[in-house]
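In what follows, a structure is listed as structure tokens, so that the remarks can point back to it.
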Amino acid sequence: MMLGLENKLKLYGFNNLTKTLSFNIYDVCYAKSEREQKDYIAYIDEQYNSERLTNILCDVTKMIGAHVLNISKQDYDPQGASVTILISEETLAVKEIDKSCNLGQIDILNTRDTIVGHLDKSHVTVHTYPEYHPDNSIATFRVDIDVSTCGEVSPLNALNYLIGSFDSDIITIDYRVRGFTRDVDGKKLFIDHKITSIQDYIDENTLKRYDAMDINVYQSNIFHTKMLIKEIELQNYLFNRDVYEIKPKQRLEIENNLRKEMIEIFSGTNIY
């Protein structure tokens, strides 16, 4: 379902609504030894470096019908990466764009060791958070993406692409609309599209793989959906190890530990 492209409301002046999508995914992995844990973090750090994240966010920008004005990206030591993209709803002439903006030109980005930029009402950001504890056999990886737009552009249009771009065991999605615009008669409009649930914008085949629940505050235009993977195929959660190397009893124990970790992350509570 595309928003902001069809059945347009007749507005007076600029559409001043700000639409923000906050998208967090968690990937969980069994890594028993310290070596496995460090190897997993190194793998994730390489797999989701700032260059790949930049490509994902540029695709998101195209999908929501916006245009790149500026890219700021950075890889961190010992791990993690961040990317921020300033976007505009309409194409701007080069002479109209602030000289501090790089228009996402790769040759400009490659001439700098550290790249910084500025934010605007319309922007796309991503941060990564690999994590493990030496006393725990489970490592996790979180990706935090924010897409904030003003005008007719809606970040919900890129939701399925974002979900498909990452291996996600737990997904939390927040969507809110702020501000107001006016119709031609001067009546305030606090939202310019119909929505009852974020799940309405998620592919059915994706939803079948997850248990999903909503917490919505309709009068405040706040929508929240969180999703937990239904089936655990153990081989997908082992790092540098074959499932058949593990005894059946230990397999069951590992699956239980993985599920407990996922449930706590999903609920946001220390349960076990």
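From the backbone N, Cα and C atoms, a Cβ is placed for every residue, glycine too.
Of all Cβ atoms in the shown protein chains, 24 besides its own fall within 10 Å of the Cβ of S122 (active site, schiff-base intermediate with substrate). Among the features that Swiss-Prot reports, active site, schiff-base intermediate with substrate is placed at S122.
In the three-state DSSP assignment, the secondary structure recorded for H127 (active site, proton acceptor) is strand. H127 (active site, proton acceptor) is surrounded by 18 other CB atoms, counting those within 10 A of its CB over all protein chains shown. Per Swiss-Prot, the feature active site, proton acceptor maps to H127.
According to Swiss-Prot, the feature active site, proton donor maps to C150, an assignment based on sequence analysis. C150 (active site, proton donor) carries a strand DSSP state (E or B).
The feature pyruvic acid (Ser) is assigned by Swiss-Prot to S122.
Separating the Cα atoms of C150 (active site, proton donor) and S122 (active site, schiff-base intermediate with substrate) is a whole-number distance of 6 Å.
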